[in-house]
Amino acid sequence: MYKVGNIYFIAAVVVIGGALFGFDISSMSAIIATQAYLCQFNQLGHNKSGLCMGPTESVQGGIVAAMPGGSWLGALVSGILSDRFGRKTSIQIGAVIWVVGSVIVCAAVNIPMLVVGRIINGFSVGICSAQVPVYISELAPPSKRGRLVGFQQWAITWGILIMFFICYGSSYIDGKAAFRLPWGLQAIPAILLYIGLLFLPESPRWIAKKDRWDEAKAVLALVHGKGDQNSPWVSREMAEIRDMVEFERANADVSYLELLHPKMLNRTSIGVFTQIWSQLTGMNVMMYYITYVFTMAGLADSNGGNAVLLPSGIQFVINVVMTVPALLWMDRWGRRPTLLAGAFLMCLWLSVNAGLFATYSRPARPGEFPSKSESMTISGPAAKAVIASTYLFVASFAPTWGPVSWTYPPELYPLRLRGKAVALSTSANWAFNFALAYFVPPAFVNITWKTYVLFAVFCAAMFVHVYFVFPETANKPLEEVQEIFDDSKPGAIKFLGTPAWKTRNTRHLVLQQERNEVSSEERVGIPGQEIKGTTSA
């Protein structure tokens with residue numbers, strides 16, 4: 001079958017898998033404040049104004065947390081699927097599962113049915129979110145890898161934005177169609193993802209691992225050599241892949257337990273904590289429950305909260321726009337400086353919000369807001385400062401921890417462990433996403449503004465952790481990254497390898513090497529080429 005070899009086109013298609021996560025975030029955040037949703041899943045009765053109050057705060061947390069709960073399991077399973085069936089095929093399996101979950105969610109008539117559908121959707125997102133970065137990182141050249149894997153985060157932000165405004169428009173529809181329409185429409189991108197993947201090549205590293213060497217070389221030539229299998233870049237990549245595959249084949253079969261071996265434990269913990277810290281920034285929680293925050297800041301109307309949707313949508317626009325600088329310059333900045341800057345700035349804005357709520361807010365009166373999680377109210381200039389600080393928080397996350405948290409883990413691991421290792425890292429993301437999604441509504445009720453203090457402390461802790469433990473991996477071939485963790489080198493630390501603060505971004509060396517080997521490699525290859533011997537998934 002005809003295969004597309006343009007690396008940017010490949011990334012644009014496959015990151016639709018990331019957009020599915022974005023669709024889910026805003027399909028909840030934009031709907032949980034609407035009367036159509038609150039009345040359909042009402043447990044608390046009506047307030048003094050006659051408005052439905054919806055589910056209890058713990059049940060609402062459970063509904064939101066159902067998706068990351070399913071994603072945790074999907075991410076773990078994805079490593080097995082990926083190693084057995086391939087990176088591309090595992091993503092296609094995830095696309096099919098998403099469609100099934102979307103149908104169930106769209107048709108939900110009660111809370112249990114909604115939760116089941118969201119768990120199924122989450123299972124799909126877990127598979128795609130774990131394997132999309134692996135697929136792209138194994139196809140992309142080192143000088144473009146950060147940018148291309150970062151497209152995953154950009155796709156998430158676009159998914160959030162597009163679905164949010166679909167939900168915003170649907171909120172003006174009377175009746176249950178206000179939430180059923182967007183929940184049904186979110187199946188369409190998964191269908192497009194499945195079809196698009198039919199025209200993309202499989203990962204050459206996975207193919208080589210299956211001893212299909214001619215096919216692996218053809219894919220590398222298609223994507224990096226403009227169809228020329230004698231390209232110096234292709235020859236060098238094939239030699240590195242062959243050496244790595246033969247070395248790994250001399251070792252035992254891969255299991256998750258191997259990731260806990262003393263020689264692997266450091267990089268396993270780095271990958272896992274990259275994803276854990278990205279959740280403990282509080283960003284996805286702000287995405288899910290932003291309507292709660294802005295309602296407390298006085299932006300809701302008296303007719304059920306639709307007025308809060310438009311200002312909430314502004315943060316999603318900021319999220320999309322501010323991800324672009326990372327796509328353009330992430331490989332130039334490097335991973336470490338980007339993560340450190342993001343942690344510092346997010347800690348600052350969270351502390352500002354905590355101080356504003358602590359100083360200027362008052363407890364909400366019973367029945368003042370539809371949800372008990374909207375436990376405070378703040379007004380005047382302080383409310384405007386809360387809104388501005390929230391926007392600045394999003395603008396700090398979007399170009400830093402957002403894209404780097406997806407780019408970084410696949411760069412850490414050797415080929416034979418990469419599928420399962422990234423699956424484990426991503427499963428940690430979803431485990432904490434689940435816990436935080438469930439925790440935040442009761443937290444706003446019980447500890448109110450101190451919720452912001454908690455996340456600010458997490459951001460301070462991640463700054464310290466990154467500085468002392470996370471090495472620089474930007475612009476290094478995936479096989480070369482393994483040398484960073486070699487603890488037998490002079491100056492290395494036992495079981496840790498080269499001290500993280502001594503690692504450097506070598507972008508200028510990589511670019512010079514690529515220019516010396518083949519000047520045309522900086523230009524993207526031809527958009528399509530027939531790969532002989534390749535069978536479509």
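Glycine residues also receive a Cβ, built from the backbone N, Cα and C atoms like all the rest.
Using a Cβ-Cβ cut-off under 8 Å and counting only residues 6 or more beyond its ends in the same chain, the transmembrane segment (7-38) has close neighbours at 51-54, 60, 63-64, 67, 71, 91, 94-95, 98, 118, 121-122, 124-125, 128-129, 131-132, 135-136, 139-141, 144, 148, 151-164, 167-168, 171, 173-179, 182-183, 186, 189-190, 192-193, 196-197, 199-201, 223-224, 284, 287-292, 295, 300, 303-306, 308-309, 312-313, 316, 370-371, 406, 524-525, 527. Annotation source TrEMBL lists transmembrane segment at 7-38 (among others).
Among the features that TrEMBL reports, domain 'Major facilitator superfamily (MFS) profile' is placed at 10-474.
The transmembrane segment annotation in TrEMBL covers 58-81 (among others).
Marked as transmembrane segment by TrEMBL: 93-113 (among others).
For the transmembrane segment (119-136), same-chain residues at least 6 beyond its ends with a Cβ under 8 Å from one of its own Cβ atoms are 10-11, 14-15, 17-18, 20-21, 24, 66-79, 81-82, 87-88, 90-91, 93-95, 97-98, 100-102, 104-105, 145, 148-149, 151-152, 190, 203, 406-407, 409-410, 418-419, 422-423, 425-427, 429-430. Look at TrEMBL and you will find 119-136 (among others) tagged as transmembrane segment.
For 148-171 (among others), the entry in TrEMBL reads transmembrane segment.
Taken from TrEMBL, the feature transmembrane segment covers 183-200 (among others).
Annotation comment: TrEMBL describes 270-290 (among others) as transmembrane segment.
Positions annotated as transmembrane segment by TrEMBL: 310-330 (among others).
Look at TrEMBL and you will find 339-361 (among others) tagged as transmembrane segment. Within the chain carrying the transmembrane segment (339-361), a Cβ under 8 angstroms from the stretch's Cβ atoms is held by residues 277, 281-283, 296, 376-378, 380, 382, 385-386, 389-390, 392-393, 396-397, 399-401, 404, 408, 448-450, 452-453, 455-456, 459-460, 462-463, 466-467, 470, all 6 or more beyond its ends.
With a threshold of 8 Å between CB atoms, the same-chain residues lying at least 6 positions outside the transmembrane segment (381-401) that come near it are 153, 157, 277-278, 281, 283, 286, 290, 293-294, 297-299, 311, 314-315, 318-326, 330, 338-339, 341-343, 345-346, 348-350, 352-353, 356-357, 359-361. Per TrEMBL, transmembrane segment is recorded for 381-401 (among others).
TrEMBL lists 421-440 (among others) with the feature transmembrane segment.
Remote same-chain residues near the transmembrane segment (452-470) are listed as 266, 269-270, 273-274, 277, 280-282, 285, 335-336, 339-340, 343-344, 346-347, 350-351, 353-354, 357, 408, 443, 496, 500-501 (criterion: CB distance under 8 Å, separation of at least six residues from the stretch ends). As annotated by TrEMBL, transmembrane segment applies to 452-470 (among others).
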Considering the transmembrane segment (310-330), which listed stretch of 58-81, 93-113, 148-171, 270-290, 421-440 counts the most C-beta pairs under 8 Å:
148-171
For the transmembrane segment (270-290) against the transmembrane segment (421-440), do we get 3 or more Cβ-Cβ pairs below 8 Å once near-sequence pairs (under 6 apart) are dropped?
yes
Answer yes if the transmembrane segment (93-113) and the transmembrane segment (183-200) have at least three CB pairs under 8 Å among residue pairs 6 or more apart in sequence, and no otherwise.
yes
Could you give the residue numbers and ranges of same-chain residues that sit at least 6 residues beyond the transmembrane segment (58-81) on either side and whose C-beta is under 8 angstroms from one of its C-beta atoms?
21, 24, 28, 32, 41, 43, 89-90, 93-94, 97, 111, 114-116, 118-127, 129-131, 256, 288, 371, 373, 419-424, 426-427, 429-431, 433-435, 437-442
Note the mean pLDDT of the domain 'Major facilitator superfamily (MFS) profile' (10-474), expressed as a whole number.
88
